[in-house]
């Protein structure tokens with residue numbers, strides 16, 4: 001084979017590597033070629049010959065070190081070749097996860113891997129002659145960490161709150177719950193979550209008053225007969241399961257308040273005060289989204305008039321169709337600030353914030369802003 005210009009010994013190794021030299025990876029008896037066989041052309045092949053990613057299962061028990069793949073160049077037929085690796089997991093943090101046997105080119109993993117911490121490593125293999133001269137360009141090697149179903153789903157809130165009008169017909173949407181899973185949901189079903197309802201309290205007038213969409217987490221009315229006077233509140237125990245419902249599970253809670261049809265916003269000419277809320281996260285300067293809140297009658301503790309969570313604007317979620325018109329009287333607005341800050345990764349000094357206010361005028365407009373941080377809060381009543 002002739003080339004353009006003279007090349008003797010290893011001085012032409014880089015060019016020869018891309019033309020005739022073959023670098024291969026040995027996987028448990030099977031060989032994956034990184035470059036094509038030599039041809040008749042001296043034109044350097046394009047770099048689109050990519051080694052398929054090497055897969056290593058996370059949480060393996062060993063023993064370690066364990067051989068993963070062998071880096072091999074056929075230039076070792078002509079001279080002694082020494083192999084080394086660089087990059088993340090080799091000589092860059094986390095260092096020493098992968099090593100290579102200097103003489104044989106065997107790539108080894110030295111410890112159990114955690115896909116949720118690092119899902120892939122990109123390292124570079126190097127081959128040099130006995131005198132330290134490179135015999136080929138560094139080659140990129142991608143090591144993909146294969147997922148194991150080692151994480152349970154987690155609901156995004158400790159308790160979900162929603163409300164529905166009494167007499168609502170089957171199919172009426174009430175609320176939506178959500179859960180997350182750290183496991184892989186792209187290349188496996190380990191992180192694919194399905195939802196179900198385990199129990200309903202009270203189980204009246206029918207043990208299945210509500211149903212949940214197994215894929216979206218949307219809760220809706222299943223059976224007619226919701227009656228606020230008899231059963232003003234329902235507590236549902238929910239289950240989220242990964243692997244499409246066949247894997248690890250966790251439970252959560254949804255509280256649904258049945259509202260009186262008279263609690264709806266008043267029509268033209270009808271009286272009633274209007275209540276609005278705006279919650280702001282002062283750490284980010286953005287609306288506090290997903291903050292659970294409910295309104296109570298202080299004279300009847302735990303007697304919820306309405307319940308909601310704040311939307312992306314930090315206001316009461318309109319989709320829950322909560323009543324906003326209130327009669328004259330004293331009310332208590334409860335914010336679950338502790339649960340909100342736990343979702344943000346903080347510990348709050350205040351597990352909850354309660355605001356008591358009185359409505360005296362029929363057409364009064366009451367606006368309650370809440371400026372909150374993990375360490376303090378500010379609120380006032382505005383009209």
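Cβ atoms are placed via backbone N, Cα and C, with glycine included.
Per TrEMBL, the feature signal peptide maps to 1-32.
Look at TrEMBL and you will find 73-155 (among others) tagged as domain 'Cadherin'.
If you look up TrEMBL, you'll see 156-270 (among others) marked as domain 'Cadherin'. Model confidence over the domain 'Cadherin' (156-270) stands at 86, taken as the mean pLDDT rounded to a whole number.
Sequence annotations record features per position, and here TrEMBL assigns substrate binding site to 278, 315, 380. Under a cutoff of 8 A between CB atoms, and with a sequence separation of 6+ in the same chain, the neighbours of residue 278 (substrate binding site) are 287, 313, 314, 315, 367, 368, 369, 370. For the recorded site, residue 278 (substrate binding site), the DSSP three-state label reads strand.
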Query: Using DSSP, what's the helix, strand and coil tally for the domain 'Cadherin' (156-270)?
result: 6 helix, 48 strand, 61 coil
Statement: Cβ density check for residue 315 (substrate binding site), other Cβ within 10 Å (all protein chains) comes to 16
Task: Could you check what DSSP calls residue 315 (substrate binding site) once collapsed to helix, strand or coil?
output: coil
